[in-house]
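Taking it in order: structure first as structure tokens, then the write-up.
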């Protein structure tokens, strides 16, 4: 009990008597009713002999005993070349995109700068005007480009093309933020040049110099500084700066993630909702931008007023995306099979897959519950496999929306939903009249969906972040089952006791699918190593069914599972030695890990990542990991 308390394992404290009797059974086979200290010491020292039960699932196999020092170059020069090569391999796609973007901005700035340097207005306002116009041209480009990284449907489609090999779609949001920073700099340069320099030079210009550009102004009259500010250009420009400043500030991490704490009612300025709604002010910004670019003082020909040319296509694309998403969401109103409350403030939702809804493992969907908010959409990774006839997500309650979603689906009177550990069986009959409406938008592309492009997978999930990899594991297991398992899977599908049985039946029904009259090509992936790191032992309940299924059905040894519990002191520490010993004895007798409740051994503390990387590289020297 002391060991369980020191390692924050309340579940083990409840079973302390059972595990104590397990030790007595091991050390007192003659039933004397006592053991001596040397016997317990011997058992503790020989704990490694009891850990062999989990070698196939959670430790290194024979191939990992090779000399790991051969993986890295020995000389300093070769090490530097190796590091440089790795740096280039990791960043060359980001590099060429950023270089192209910077060159485009520089080219536009110089072109517009030189254009205005050769005009009469340069004699009046000098380099201030050239700088303002050059920065304005980069702003037009960036106001167009910033929409592209948030066109999720387009990016999802592009991920399935050859463009994924040279465009870093995984960095789309980072590129969006980088462009936003460039826009902020451009606004400061453009607005500062106008307000602090060329407006002043214009209003104080001698009459003979102003005469050079008098035809560009109304009635040939020189405007005052105030007239420039309250004119169409001044008002639209200032309004755009104010709206963009609000959206930019509320999008920063301190505001968006509720790091800053304000008293009521200013606390509404922080959090995701403030970020989401303030970003819609940018719709007004684009309207003002078109007006601002139409009523220019020094440009009179339609082709010189080029703002609309830059933003027309990206804006139409983005508006089309929002329209498609709205229409699709209404079409993808799903029926809920079951909602299960799990340990660690997590609940799972299993819903009927909408007709025509196709996705890949690793992708995610957006959910909206109109009874909570008709505007809010929240993303969640899909945990079911593509071959299943249902969709499932696991949701952690970390905000007001997720807490309300859990309440709506689990605390309704006469609710058909289940509270307890997830056991997904047949859908049964659910009265749609008493079921809250749930809308689905997606699926959308994510980095993990490209797992089929690799020979070996290293899947690392932290807590609830393991959700996309559960879908991948299920898909790999479905695709790797030998033919002689099909009849067994069919028999299993007749049982409605678990999620696993439902997946088995779905796989059986879909295992003979063809594309264009041809059988699907075999997947490239040969091995997968799944490392799941969590701080709460109750988390293992979330995906217990998948763990058991892998242990039972993965006869080829294709998948290795490694659970790590960080609340327990590392293996070898005196405070966790007794837990390790009981863990070994229990599995030797019952074949079940005492912490996860599965056949997969739970390791303590955090993984040694450098060692993990080296071992996998050593075991698969000629594979793409």
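Quick reminder: no glycine exception, Cβ is built from N, Cα and C everywhere.
When TrEMBL is compared with the stretches 200-227, 228-255, 312-339, the one noted as transmembrane segment is 228-255. Per TrEMBL, the listed range annotated as transmembrane segment is 275-298 (candidates: 155-178, 275-298, 347-370). With DSSP states grouped into helix (H, G, I), strand (E, B) and coil, the domain 'FAD-binding FR-type' (329-450) comes out at 21 helix, 40 strand, 61 coil.
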